[in-house]
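Chemist: From TrEMBL, for reference:
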- A:7-28: transmembrane segment (TRANSMEM)
- A:40-60: transmembrane segment (TRANSMEM)
- A:72-97: transmembrane segment (TRANSMEM)
- A:103-124: transmembrane segment (TRANSMEM)
- A:136-162: transmembrane segment (TRANSMEM)
- A:182-204: transmembrane segment (TRANSMEM)
Amino acid sequence: MHVPDGFLDAPTSIATAAAAATAIGLALRGARRELDERVAPLAGLVATFVFATQMINFPVAGGTSGHLMGGALAAVLVGPYTGILCLTVVLGVQAMLFADGGITALGTNVVLMGVVTVVVGYAVARAVQLVLPRRLPMVAVAAALGAIASVLASAAVFVGLYSAGGAVPIPLDTLLTAMLGVHTLIGVGEAVITFLVVASIVSVRPDLVHLARPVLVTRELETRLVAA
Amino acid sequence: MGAPHGHRLHFHGHSPLHRAPAHLKVAGLVAFMLVVVATPVPWVPAFVGYAGVLAVLVALSGVPVPYLARRMVIETPVLVFAALLPFIAVGPRTEVLGLSLSEAGLVAAGGLVMKATLGVVASLLLAATTDPRDLLAGLERLRVPAQLVQIMGFMIRYLDVVTDELRRMRTAMESRGFTARDPRHWPVIGRSAGALFIRSFERGERVHLAMISRGYDGSVRR
């Protein structure tokens, strides 16, 4: 769920907006390294993809369904900097064109769902990759662990922001347990879906997956004479 | 591809609100909502005043009220959450219809509903009266980094293309008898999401090559 207007007080909203702006500034600089001058068209299409995947419903049980948040997925697919830009743009478009998430809470939403999920998701996936065998199928496993960590981190940061500027008196320990409890379930779903999506891409076009680059075996083109 | 196509929430019109410069509308929306968010919840007359301002603007824009009302379903999760607040918040409790509710929670829920509803109506009004292209130009005038605006431009331009692609994939699966009912079907949906990523990325590469062949050098020209 996107944070609406009026959920956090004005000072907290402004502070998170400043934090989001700083992160976006860094991401803009870093994205040039990940995608060189192709940044705009490619990041635009990846942002569109993230938006579209959020529309894909994964049925859970009894008519309920969930969807992907996509922060860790974007980070694993296109790298952390481009991932932050993609998620920021998705959240901005959702706030301004679809009224999903408050406009004053845009900074908060970018921090929670764009920056924290991407950074934590990528860092954890990278760390897991160091431990696991350096093989291509392991990329999806690393992505899945990154995904569950990203969801939990996002929920924890939300509770932190809430303790600073929440407009509703809810006991913090109750909130923290409730948020982490619910988000463990959501995180498991996010991890499974991220695993499935990354595994399917790695099996077809591993060269497109940013996290797969270190383990990708580069094969030189050889020309050989074959006996007739 | 070059033809401008409005997004789904845009309501074509020629009212003063439609004609107003987009950067003023965005800045106005942010300023208005900051004031709303900073207003203490007990000042109910102030909120009535804000609602009045919005009502005048909606009337001025000529956007039909049912059009906006239908799109307000986006607020449902917030309302559900607000309904839970009186039960989970702490503080002195009061009896309402035989239920023990937190007074602070009731006040907070009321405030959240008022502020979130004002935010949703105001944002919907911006979306309904602003063409996406004007919105992008407005964001650029508001000193949003050009590259971010460019990414947003590509996203808005290809939103319908990619969601249509997704719909065609779903139609293709359904015409082969696939209906997703429970998590056992996730691998199929996951694979189609993967295919969607590859198609989107490759489309991005094609778009980029097409732009280079027309002299694109990384900067935007309008």
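Glycine too: its Cβ is placed from the backbone N, Cα and C atoms.
Just so you know, TrEMBL annotations are computer predictions that nobody has curated.
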Chemist: Relative to the transmembrane segment (A:7-28), which of A:40-60, A:103-124, A:136-162, A:182-204 accounts for the most Cβ pairs at distances under 8 Å?
Modeler: A:103-124
Chemist: Quick one: find which recorded stretch in A:40-60, A:72-97, A:182-204 has the most Cβ pairs under 8 Å with the transmembrane segment (A:103-124).
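Modeler: Between the stretches A:40-60, A:72-97, A:182-204, A:72-97 has the largest tally.
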Chemist: Taking residues 6+ outside the transmembrane segment (A:72-97), which of them lie with a CB under 8 Å of any CB in it?
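Modeler: Same-chain contacts beyond the flanks: 2, 20, 23-24, 26-31, 33-35, 39, 42-44, 46-47, 50-51, 53-54, 103, 105-106, 109-110, 113-115, 117-122, 125, 139, 142-143, 146-147, 149-151, 190, 194, 197-198, 201, 208-211.
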